[in-house]
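Visitor: For GLY8, ARG9, SER10, GLY11, SER12, GLY13, LYS14, SER15, the entry in Swiss-Prot reads ATP binding site, with the evidence type sequence analysis. Residues or ranges marked as GTP binding site in Swiss-Prot (evidence: sequence analysis): ASP60, ALA61, ARG62, ASN63.
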Amino acid sequence: MRLIIVSGRSGSGKSTALNVLEDNGFYCIDNLPASLLPDLAQRALLHTELLHPQVAVSIDARNLPSQLQRFPELLQEVRDNHINCDVLYLDADDETLLKRFSETRRRHPLTTDTRSLAEAIGDESQLLGPIADLADLKLDTTSLNLYQLRDTIKLRLLNKPEPGTAFLVESFGFKRGMPVDADLVFDVRCLPNPYWKPELRDHSGLEPEVREYLAAQPDVEEMYQDIVGYLNKWLPRFAASNRSYVTVAIGCTGGHHRSVYLAERIGAALRESLKNVQIRHRDLNS
């Protein structure tokens with residue numbers, strides 16, 4: 001059985017995440033009382049023929065605060081039963097959450113006559129702290145639209161074929177901010193920039209013209225060798241520490257040329273020694 005626990009602040013995309021998982025064969029339970037997690041695990045062990053092999057549950061601020069505080073011990077009970085379990089935590093910045101609630105006109109579950117929406121959003125972070133601290137994968141949805149969020153969940157959760165560490169090599173542009181879920185960040189803005197070549201400006205690091213230009217630059221090759229050498233040494237240590245997800249972010253200015261080229265090459269090199277390596281280009285189409 002595979003169990004995915006979905007949590008996060010209201011408005012961050014939990015419903016979308018559950019919908020994606022349901023569309024891909026998961027049996028989904030919304031707003032499960034946290035205290036029922038161990039019971040769910042026991043049923044999985046005792047009644048394998050009755051329980052769906054892929055289950056996703058959401059646990060959020062609608063739970064009793066006392067149950068949320070017990071989440072670490074409840075999760076440990078589940079894992080003690082050798083259930084393949086991942087915790088996904090979704091979040092966005094306060095301003096974005098406020099905007100989303102204003103646009104949808106939905107009521108936040110923690111608002112009252114004496115607690116404003118802004119206060120409720122802040123209080124929710126504290127309530128969900130015990131879950132956020134134990135998340136295997138954190139996704140910041142601040143800059144993601146509905147379709148990007150769906151694609152990201154598919155890439156990170158559904159492309160993980162077996163237990164073990166899933167590695168993501170992600171290109172990005174610093175002008176749109178660093179990925180908040182990155183574990184390792186490499187800044188490649190010091191390398192020659194194809195953007196300043198008029199004939200290359202409108203091409204990307206996936207295209208032959210840019211690839212040939214960058215491959216001919218000694219500094220680019222040296223940077224590539226250094227990063228791959230570092231990752232080949234240290235990523236297995238991440239895997240040995242029972243990390244479920246590790247994100248390696250490669251950043252240039254706009255996220256179109258240098259970082260894309262290097263992310264592709266680095267991802268391909270890592271696949272020679274590591275299982276489950278994915279490549280994503282965050283800002284390529286921005």
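Note: Cβ is positioned from N, Cα and C throughout, glycine not excepted.
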Visitor: Give the sequence-ordered set of same-chain residues, not counting GLY8, ARG9, SER10, GLY11, SER12, GLY13, LYS14, SER15, with Cβ within 8 Å of the centre of the Cβ atoms defining the ATP site.
Guide: ASP60, LEU90, ASP91, ALA92, LEU97, THR141
Visitor: What count of other C-beta atoms do you get within 10 angstroms of the C-beta of GLY8 (ATP binding site), across all chains shown?
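Guide: Within a 10 Å radius of the Cβ of GLY8 (ATP binding site) lie 26 other Cβ atoms.
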Visitor: Are any of GLY8, SER10, SER12 (the binding-site residues) within 10 Å of ALA61 (GTP binding site) when you go C-alpha to C-alpha, and if so which?
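Guide: So the list reads GLY8, SER10.
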Visitor: So among ASP60, ARG62, ASN63, all listed as binding-site residues, which is physically nearest to ARG9 (ATP binding site)? Use the C-alpha atoms.
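Guide: Given the candidates ASP60, ARG62, ASN63, the nearest one is ASP60.
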Visitor: Which whole-number value in Å describes the distance between the Cα atoms of ASP60 (GTP binding site) and GLY13 (ATP binding site)?
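Guide: Checking the Cα atoms of ASP60 (GTP binding site) and GLY13 (ATP binding site) gives a distance of 12 Å.
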Visitor: Given a 10 Å Cβ-Cβ cut-off, pick out the one of the binding-site residues ARG9, LYS14, ARG62 that has the most other Cβ atoms nearby.
Guide: ARG9
Visitor: Let me check the 10 A CB neighbour count of SER12 (ATP binding site). How many other CB atoms are there?
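Guide: Neighbour count, Cβ to Cβ under the 10 Å cut-off: 25.
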Visitor: Expressed to the nearest Å, what is the distance separating ARG62 (GTP binding site) and SER10 (ATP binding site) at their Cα atoms?
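Guide: With the alpha carbons as reference points, the distance is 10 Å.
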Visitor: Provide the three-state secondary structure of SER15 (ATP binding site) computed with DSSP.
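Guide: Going by the DSSP assignment, SER15 (ATP binding site) falls within a helical segment, counted as helix.
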Visitor: By a simple count, how many Cβ atoms lie within 10 Å of the Cβ of ALA61 (GTP binding site), its own Cβ left out?
Guide: 22
Visitor: Below 8 Å Cβ to Cβ and six or more residues apart, same chain only. Which residues does that give for SER10 (ATP binding site)?
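Guide: Once residues fewer than 6 apart are set aside, SER10 (ATP binding site) is near ASP60, ALA61, LEU97, PHE101, HIS108, PRO109, LEU110, ILE121, GLU124.
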